[in-house]
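Colleague: Shown below is the structure under consideration.
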Amino acid sequence: MNSKAADPEAQGGGGDGDDLRVGLLKSNGDGNKLVIDEMLRRHAGEMGRWQMRHFLLTTLAWSLEAFHTMVMIFADREPAWRCSGLGFCPPDPCGLGPGDWGWIDGSGVSTVAEWGLVCGEKYKVGLVQSAFFLGCMIGAGLFGHLSDSFLGHKGSLTAVCILNTIFGLLTSMSPNYWVYFILRLLTGFSTGGVGLCAFVLATEPIGPSKRAIAGMSTFYFFSGGIALLSGTAYIFKSWRTLYIATSLPSLLFLFAIIPFISESPRWYLVRRRINDAMSVMRAIAQTNGKHIPDGVTLILDDDNDDDVCDEKLEPSNQTQAISGSLVDVIRSPITRNRLFLSIAINFLTSVVYYGLSLNVVNLKTNLYLSVFLNAVSEMPAFLLTALLLNWLGRKPLCASTMFLSGVSCVIGSLLSNSGTMKVPRLVCGLIGIFGMAATYNLLFIYTSELFPTVVRSAALGGASQAAQMGAILAPMVVVLGDTIPFVVFGFCGVLGGLLAFLLPETMNKPLYDTIGGLVEGEKSEE
C-alpha cells in the first residue's frame, strides 16, 4: 500500500536510510517528481489530522464486519429448554416426544428454536455457518480484484455496505431454513470485502513510519464491534429483530460516513489519474497545516521521466492505467512464492483462531458476557503486537506468535478435561487464542507489505480467501471431540510458524507500486 520507501529511522531502523531513499526524487526541467511515500514524508505529513480523521471513519467498517460475522453466535444459538411435567428430564430432548418438552423463552429467540434445528437437524446450524464463510471467501477474492481495478477501494466499500444492508434485512424475514441459508451465503459474499476494502483504504494515505501501527489498530474496531454486538443481542432477544439491528448500521455508514471518505491517492496514481491523486495529496497537506510546493507532482516507482503520464497529455495516454491481478502475482517468481506462503499461513491461522473461538457457545456461562470477555481478551494481543512490530520485525513476530499458540494447544491436548486439569487446559486455550489473535492482526500488515500497490488488494483478497477456507474447516475440527481439536490446532500453529521463516522481512524495506519496481528493488538489494 506504499510507493517506494519507508523511513527506516522512524520505523525503528537506521543507518541505511539514505540507501533506501536513493532514486526516490526524480526531476526534469519542469519540477520535482516524487513517489507518494516521499511526498507524504516531505510535504503532506505522514499522520496528521487528515489521516487521523480518515482512518477513524474508514475503520468503523470493521465493526460492521463484526456484526454480520458474529451475529450467528446469538441468532443460531440453542436456547434453554425444559421438560413438560416429567419427573426426570434427560440432558437433551432427542428422546422426548414433541409435547414432552419446550423452549423456555419461546421459539422466536433463535433459528434453532424456530425451525427445530436440534438432534438430527443440528448439522444445519454448522452448515449455515460454513456457507457464510464460503460466501466470505468468494467475496474477498472478487472485491479484492474490483477494488484494484475500475471500481476502486471506495466504490467497493460502498457496494458491500449496500449489499450487506439488503441481505441482512432480508435475512430477518426468512420464511424457512433454506431461504435463511441462501441469504447468509449472500451476506457472507458481501461481508468478505468489507474489512479488505476498509483496511487498504484507511492505511494507504498514511506515511511509511506510521502505517504499520495504524494498520495494527484496525482490529480494535473488529473486537469492539463484537463487544458492542453482545450488548445489542442482550437488548434484542429475537433473532429477527437482532438481524435488523445489526444490518441498519451498514445503512447508516453508507449515508453518514462514506461521503466523507476519500479514494486512495495510490489507486488514482496507478490508474494514471495524476490530477485526482494530487488533489487528495493537496487536501492532506492543507488539513495537516503543510504545503506542497508548486511544480512537485507524483510519479510511480518504476516510471522514467520521459514516460511519466500527465493528464495534460493526449487522452490515449491518460487512460493507460496500470492494473494487476492474481495472475500477474503468480507469473512473477518473487510474488508467487510470497503469495503461496501467505495463503498457507493465513489458512492455518484461521483454522486455529476460529476453532478456538467457536467453543464459546459450549461454555456453561452467560453467553452475552462470554462473548464480551472473549472480544476484550483479544485487545491485549493487538497492543502487544503493535509494540513489538517495529522492534522484533514482521517475520520473527509472526513466527513466535504462531509458535506460542501452537505449543500451548499441544500442551492442552496432553491435559485432561476433567478434575484439576480443567483450569490449566483452559489457560492453554486462552494462550492459544491470544497468540492467534496477535498473528491475525499482524498478517494484514505483513501480507500487504509483501506486495506492490498494483496487486496489493488482489493478494490480500487471495489471502483472505484462504483464511475463509480455514474458517469453513474450523467447525468441522471442533466436533471431533476434546483432544483431537487441540492436536490439530497445535499442529497448525507450529507449521505456520515454520512457514513464516520462509517469508522475507519487510521492516525498513522499500515498498513499491508495481511488480516491476519490486523486482528491480530486490535485485538492487542483493
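Heads up, the Cβ atoms here are built off N, Cα and C, so glycines get one too.
Heads up, TrEMBL stuff is auto-annotated, nobody curated it.
Heads up, here are the entries from TrEMBL:
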type     : residues : note
DOMAIN   : 54-508   : domain 'Major facilitator superfamily (MFS) profile'
REGION   : 1-21     : region 'Disordered'
TRANSMEM : 125-143  : transmembrane segment
TRANSMEM : 177-201  : transmembrane segment
TRANSMEM : 213-236  : transmembrane segment
TRANSMEM : 242-262  : transmembrane segment
TRANSMEM : 339-356  : transmembrane segment
TRANSMEM : 368-389  : transmembrane segment
TRANSMEM : 423-446  : transmembrane segment
TRANSMEM : 484-503  : transmembrane segment
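Walk me through where these features lie, including what they touch and how far apart they are.
Modeller: Here the transmembrane segment (125-143) has long-range neighbours at 69, 72, 76, 78, 111-112, 117, 156, 159-160, 180-181, 184-193, 196-197, 326, 461-462, 464-465, 468-469, 471-472, 475-476, 479, meaning same-chain residues at least 6 beyond its ends whose C-beta is under 8 angstroms from one of its own.
If you look at the transmembrane segment (213-236), the same-chain residues 6 or more away from its ends with a CB under 8 A from one of its CBs are 47, 51, 55, 59-67, 70-71, 73-74, 195, 198-199, 202-203, 206, 242, 244-246, 368-369, 371-372, 374-376, 378-379, 382, 385-386, 389-390, 437, 440-442, 444-445, 448.
Sequence-distant contacts of the transmembrane segment (368-389), counting only residues of its own chain at least 6 positions beyond either end whose CB sits under 8 Å from a CB of the stretch, comprise 70, 73-74, 212-213, 216-217, 219-220, 223-224, 226-227, 229-231, 233-234, 357, 360, 397, 401, 430, 433-435, 437-438, 441-442, 445, 507.
Through the fold, the transmembrane segment (423-446) approaches residues 199, 212, 215-216, 218-219, 342, 345-346, 349-350, 352-353, 356-357, 359, 374, 377-378, 380-382, 384-386, 389, 394-395, 397-398, 401-406, 408-409, 411-412, 415-417, 460, 463, 486, 489, 493, 496, 503, 506 of its own chain, all at least 6 residues removed from its boundaries and within a Cβ separation under 8 Å.
Counting same-chain residues at least six beyond the ends of the transmembrane segment (484-503), those with a Cβ under 8 angstroms from any Cβ of the stretch are 337-338, 341-342, 344-345, 348-349, 351-352, 355-356, 394-395, 398-400, 402-413, 428-429, 432, 435-436, 439, 446, 450, 477-478.
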Colleague: Do you know the mean pLDDT across the domain 'Major facilitator superfamily (MFS) profile' (54-508)?
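Modeller: Residues in the domain 'Major facilitator superfamily (MFS) profile' (54-508) carry a mean pLDDT of 84 in this prediction.
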Colleague: By a Cβ-Cβ criterion of under 8 Å, what residues six or more beyond either terminus of the transmembrane segment (177-201) are in contact with it?
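Modeller: Distant Cβ neighbours of the transmembrane segment (177-201) are 1, 58-59, 61-62, 64-65, 68-69, 72, 111, 115, 117, 124, 127-128, 131-144, 146-147, 153-154, 156-157, 159-161, 163-164, 167-168, 170-171, 215, 218, 222, 261, 263-264, 444, 448, 456-457, 460-461, 464-465, 468.
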Colleague: Same-chain Cβ contacts of the transmembrane segment (339-356) under 8 Å, 6 or more residues past its ends?
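Modeller: Residues 326, 329-330, 398, 402, 405-406, 409, 429, 432-433, 436-437, 439-440, 443, 447, 450-451, 459, 462-471, 473-475, 477-478, 485, 488-489, 492-493, 495-496, 499-500, 502-503 contact the transmembrane segment (339-356) from elsewhere in the chain.
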